[in-house]
Every structure is written in structure tokens, then in C-alpha cells.
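Quick notes on the structure that follows.
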Amino acid sequence: MSGRAGRHGLADDAQLTMHAAALIRLGARLQMLEIECALPREHLVRLYREVRGVAAPKGLLPSSIDWYMTWLANIHASLFHNIYRFLRNQAGCPRLEALVKAYTLYAEQGDATRRALPLDLTRALPLDLTRAWMLVRFVDAGVLDIARCRDCGAAFITYRHALRRHPVCVACRLPARAGKRAVAAPQRATADTRHARRQDARTAVVACRDGSTTTGGASGERHAV
């Protein structure tokens, strides 16, 4: 028996396997599972294929802290980390359990918001599980920090050594074009519908002017009078 396996009993391994399966369903990468679950790599590879039905993807983990400073990513990252911090500090959840529950709640909130607003439901949430996990690690390592907005009092993600002494969150100082891309797809669909209606109206006007009637709908056949 290996040293890693000897440190866990069967009950501990079963619990770690359940946590790993939950993380895989949320989109965890294999590197993340190896660090958080402390299970043999071969076991995690088999578990990933069993849960997802495909082989685990390869590639480097995201390592940029600047990504979290863009306005949309910062809002989502701040929302997730507030949930995570509540589960850790107030609810007393262990780190791995808090990570799973926090991301699940964040994803549910994000899906509910996208259904309530005219947003593109086919697009993924800005903050995937890997970036959420890296956010927790960055904050724990002191690379990123939590600040309080001087206007609304909300806690948000910022640089550890930010130059602003009185920071303001992104929600209180949204950029001018914030949200334009989010509603672009519904707007394009509405524009296409308006264009089609204008074309149908032109067809009807031409039909009346030429002394003919239009039947069978907007794109129906013309019958001379």
C-alpha cells in the first residue's frame, strides 16, 4: 500500500471520492482534483471518465490575477467569494465542502438571473470552477484581497496592495458600455424580426399599389384582381 493511501481509511477515501465526483460535475480539472482530494491520479482519471464520459482535458491552469479585475469578472468573483467566505466563517464548512457549495449556489444564482433577464442562455458563466478555485488560492496566499466599497459597503475582490485608499466596487462605477455584449444576441434577434416585418409591410404596400391582394400570410402568394 502506498504512503498516500495509507494515510486515509476507507471512509475517508469514500468521502474524498464523493467530493471529487461533485467537483468533476461542476467542471473541475484533473490538476485541481489532485491538489484538493489527495487521491491517486489513476483513481481520479478513472473517476473523471466515469462521471463525464470523456477523458480529462489537459493544459495549464489559469494563473493571471488581472483577469479578476475586469468589470464583469470582478462582479462574479466577488459574488462567489462572498458566498464562500460566509460558508467558511459563519457556517463552519470545511474548505472543500465550502468550495463545492459556494460554486453550486453561485451557479444557481447566475442561471436564475440569466433566465430573468434578456441574456444569452447559451453562454457559460464568466467564472468557471477552475477560476473560482484559483481565486480562493490567490486570496489565501495574499495575492488578492477583499475590500469594502466606500459607497455601498459591499465586499469585493481587489489587488492585495491596491493604491486606492478609499476603493469603490465595480457595481458602483460600471463602465459606460457595461452589459452591451450581454444583450447583443437578443437585440440582434429583435432587429432581425423588425427587419422581416418591414419587408412584409413593403410587400403589402407594393401589392396594394399594383392592384393586387396578398393572401396566405406575410409571405403568401399574390393574386391579381
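Note: Cβ is positioned from N, Cα and C throughout, glycine not excepted.
Features reported for this protein in Swiss-Prot:
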type	residues	note
BINDING	C149, C152, C169, C172	Zn(2+) binding site
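The Zn(2+) site, placed at the center of the C-beta atoms of C149, C152, C169, C172, has further neighbours from the same chain whose C-beta lies within 8 angstroms: R150, D151, G153, A154, F156, V168, V170, A171, R173. In the three-state DSSP assignment, the secondary structure recorded for C169 (Zn(2+) binding site) is coil. For the recorded site, C152 (Zn(2+) binding site), the DSSP three-state label reads coil. Here the binding-site residues are C149, C152, C169, and the one whose Cβ sees the fewest other Cβ atoms within 10 Å is C152.
Take the CB of C172 (Zn(2+) binding site) and look out to 10 A: across all protein chains shown you find 13 other CB atoms.
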